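Please read the structure below before turning to the comments.
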Amino acid sequence: MEKKHKQVVMRVSNQASREVDGVGDDADRAGNKHSTQGNNGSEKKVIVVFVLGGPGSGKGTQCANIVKNFGFTHLSAGDLLRAEISSGSENGWKGKEAINKIPKIEFASIVFFSTMIQNMIKEGKIVPSEVTVKLLQRAMKESGNNKFLIDGFPRNEENRAAFEEVTKIVPEFVLFFDCPEEEMERRLLSRNQGRVDDNVETIRKRFKVFIESSIPVIEHYGSKGKVHKVNAARPVEEVFETVKEIFSPYGANVYLNSFQHLNSLVRYPHGHYLDLRDDRSFRVELRMSNESMTMDHAVVFINPTILWPVSALIPQTQNISLAAAASVLCPNFTNRCLQTPPLFVLF
Ligand SMILES: Nc1ncnc2c1ncn2[C@@H]1O[C@H](COP(=O)(O)OP(=O)(O)O)[C@@H](O)[C@H]1O
Ligand SMILES: O=c1ccn([C@@H]2O[C@H](COP(=O)(O)OP(=O)(O)O)[C@@H](O)[C@H]2O)c(=O)[nH]1
């Protein structure tokens, strides 16, 4: 769990903050009133996919794959809550000097909220919507992206109504991972992420809450024809094959065999993959298909005349995927490449 948790915290603190303004878009298929500013000043539709399924059905695992392949930002409501608990306890344990700087009432509420969230998670209970919706809204704003996977939320009807009411966002669809309890229990007991709720007693409570409170949410969206049910009781790769088909209309990445192909993509931009800033510059995201590469999430400014230093850093045999999305700055790279003004910007 630690790993997932840290990822979310990094996203929140490092990514460029661009407002997700509530500007209307009546033509929006999902009826969303939200949009976000594109690089060329154009409004982009906000796409939200709710990823639901019982505890241990593989939501987080599949979301990580979707992020890599389709440029969505993954927001796990559970991870955001756990991050909130640890930021609360950090505030609480930084020592007297730090405590004194926080106004008393604020300090009491920080401690109160983190303790309350922690207790609810330990009991497998659903945290009040005001807390979760606020955390999700903040993370969406800070991500700078317009495509979100909201994992493990909404967990009940109250969550669902509050999210739609506060954000005015209606999900594009719901991805529902269907898995038998015995399989989910087996997975959770070997998840090994040190979570306070991955013990038999709490797991059983979470199953009960899922059936009583979360299934009605899935049924609600099912009645609107918005649910994609996926058999999650299969190996990760097989599940992802099904997931890929569902996401294919939402910006499948282009896989290139060699960096040279980037030139032709830049000259003949495809709407999904290259985001036109003006007649000279483009913004795209570059990700290595190999997870271990440090280039993942690097922001790179490239002038075609200095393309070679960048291509030299990318093994020609690697597949490279492109998707329009925001990412995290990689200062060494930018300093080096910015010696010449960028003709286009490669994320
Ligand atoms: N299809 C699968 N088959 C076997 N194990 C899986 C599968 N998907 C995920 N897991 C494992 O099960 C555990 C729970 O998965 P996770 O993605 O954290 O579930 P969730 O986010 O739904 O609680 C993790 O240890 C993960 O590695
Ligand atoms: O929207 C949410 C998401 C999570 N939780 C709490 O966080 C726990 C863990 O949720 P997560 O989605 O991280 O894990 P899962 O149970 O799906 O593996 C839940 O049991 C709830 O107590 C919550 O209250 N509201």
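A Cβ is built for glycine as well, from the same backbone N, Cα and C atoms used for every other residue.
Because TrEMBL annotations are produced automatically, they should be read as predictions rather than curated entries.
The candidate list ARG138, ARG234 contains one residue that TrEMBL assigns to the ATP site with GLY56, SER57, GLY58, LYS59, GLY60, THR61, ARG191, namely ARG234. Local packing around the binding-site residues SER57, ASN159 was summarised as the count of other Cβ atoms within 10 Å of each Cβ; on this measure the leading residue is SER57.
In terms of Cα distance, the binding-site residues that sit within 10 Å of LYS59 (ATP binding site) are GLY152, chosen from ARG82, ILE126, GLY152, PRO154, ASN159, ARG195. Checking the binding-site residues SER57, GLY58, THR61, ILE126, GLY152, ARG191 for a CB within less than 6 Å of any atom of ligand 2 leaves ILE126, GLY152, listed in sequence order. GLY152 (ribonucleoside 5'-phosphate binding site) sits 20 Å from ARG234 (ATP binding site), taking the CA atoms of both as reference points. Selection of the binding-site residues GLY56, SER57, GLY58, PRO154, ARG191, ARG195 by a Cβ distance under 6 Å from ligand 1 yields, in sequence order, GLY56, SER57, GLY58, ARG191.
Considering other CB atoms within 10 Å as the measure, the emptiest surroundings among the binding-site residues GLY56, GLY58, GLY60, PRO154 are those of GLY60. For the binding-site residues given as ARG82, ARG195, the lowest number of other CB atoms within 10 Å of the residue's CB is seen at ARG195.
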